[in-house]
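Student: Checked TrEMBL, it gives:
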- 23-308: domain 'Gcp-like' (DOMAIN)
- 110, 114, 302: Fe cation binding site (BINDING)
- 133, 134, 135, 136, 137, 166, 179, 183, 274: substrate binding site (BINDING)
Ligand code: KG4
Ligand code: ZN
């Protein structure tokens with residue numbers, strides 16, 4: 001029996017969740033809007049906003065779960081990867097809370113938690129499964145043998161796919177974070193209107209930095225003859241870029257599935273909220289006879305429910321950490 005409070009503060013979402021015996025009882029997310037006007041997350045502003053949000057967010061998570069502090073058996077927090085100043089707020093808060101209540105502390109890897117978001121609700125994948133984790137900072141194909149045994153078998157060598165979406169949006173003068181807006185415009189456009197080169201990376205690795213340059217040159221060429229080109233063709237541009245990015249993602253995922261012989265395939269991370277990716281993955285899954293797992297929208301982007309889920313598995317193994325642990329901005333698996 002366990003009731004755990006989990007805290008997520010790795011980037012620009014301050015979130016707290018309560019999990020009781022493996023069931024999520026609350027999940028509160030405060031998104032920091034302050035970064036919008038700067039066109040990207042400003043680390044110092046993120047830490048300050050986390051400091052402002054963390055107390056009310058935790059209070060609401062406990063209230064929604066109808067749990068009082070004395071019911072808690074452990075406190076979990078995101079140790080990394082993420083922004084150091086942002087991680088420090090969640091880690092310090094969690095440590096103080098655990099110390100004050102004299103209960104154990106559980107450190108969670110944010111990327112592993114994205115994968116474990118699949119266990120929040122049924123249907124859940126069977127082990128071993130592959131998870132394509134796609135976010136603003138990472139693009140990974142993860143071989144998941146058990147909740148606490150995962151291996152990255154392919155990953156980006158430069159930009160993350162979420163970054164490619166956000167940088168595309170910036171070139172199209174769309175506000176930050178641009179990924180969801182590219183998705184929105186793409187739904188009205190023709191994905192075959194323009195072609196962009198696919199990157200060639202060996203094995204199961206990815207590269208997304210080249211596409212930004214191709215889009216830049218493409219737009220420079222088009223706007224020379226028609227200054228209104230972007231405004232007039234935004235839907236077709238977004239649809240074509242999105243189509244290219246999805247094609248790259250799924251090509252390697254299919255290769256990984258064939259190489260490993262695994263047919264339970266999941267996606268996770270912020271970019272798995274993309275409607276085109278969800279649709280294409282389901283279509284490919286049908287062709288390849290995969291069991292496809294796509295989390296509910298709210299569990300795709302950063303949230304503490306996934307941290308809570310990961311901490312539940314760690315609690316079962318009594319995998320606690322010391323008060324002396326410090327955040328790891330580049331935390332590996
Ligand atoms: O996992 P996440 O919430 O935060 C990180 O850990 O990075 O992912 C954020 C990323 C951003 O790049 C955002 O633009 C992208 O996910 N994203 C999307 C969509 N929703 C969020 N990209 C494409 N289409 C979407 N619908
Ligand atoms: Zn994330």
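Counting starts with 1 at the first residue shown.
Backbone N, Cα and C atoms are what each Cβ position is placed from, and that goes for glycine too.
On a predicted model such as this, the values are computed, not experimentally measured, just so you know.
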Student: DSSP secondary structure for residue 274 (substrate binding site), reduced to helix/strand/coil, please.
Tutor: coil
Student: Could you say whether, by DSSP, residue 133 (substrate binding site) belongs to a helix, a strand or a coil region?
Tutor: strand
Student: In the predicted model, what is the mean pLDDT computed over the domain 'Gcp-like' (23-308)?
Tutor: 96
Student: At 10 angstroms around each C-beta, which of the binding-site residues 137, 179 has the fewest other C-beta atoms nearby?
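Tutor: Result for the binding-site residues 137, 179: minimum number of other Cβ atoms within 10 Å at 137.
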Student: Near residue 133 (substrate binding site), which residues of its chain come within a Cβ-Cβ distance under 8 Å, counting only those 6 or more away in sequence?
Tutor: 111, 114, 115, 139, 140, 141, 142, 267, 268, 269
Student: Among 133, 134, 135, 136, 137, 166, 179, 183, 274, which the record lists as binding substrate, how far apart in Å are the two most distant Cα atoms?
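Tutor: Roughly 18 Å, rounded to the nearest whole number.
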Student: Considering only the binding-site residues 137, 179, 274, which fall within 10 Å of residue 302 (Fe cation binding site) when distances are taken between Cα atoms?
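Tutor: For residue 302 (Fe cation binding site), the binding-site residues whose Cα atoms are within 10 Å come to none.
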Student: Using CB under 6 Å from any atom of ligand 2, narrow the binding-site residues 135, 274, 302 to the ones that qualify.
Tutor: 135, 302
Student: Give the sequence-ordered list of residues that share a chain with residue 274 (substrate binding site), lie 6 or more positions from it, and have CB atoms under 8 Å from its CB.
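Tutor: Residues satisfying the criterion: 165, 179, 183, 242, 246.
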Student: From 133, 135, 274, which binding-site residues have a C-beta atom under 6 Å away from some atom of ligand 1?
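Tutor: Listed by sequence, the hits are 135, 274.
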Student: Test of understanding: give the count of other CB atoms lying within 10 angstroms of the CB of residue 110 (Fe cation binding site).
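Tutor: By my count, 25.
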Student: Would you count the other CB atoms within 10 A of the CB of residue 135 (substrate binding site), including those on all shown protein chains?
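Tutor: There are 24 of them.
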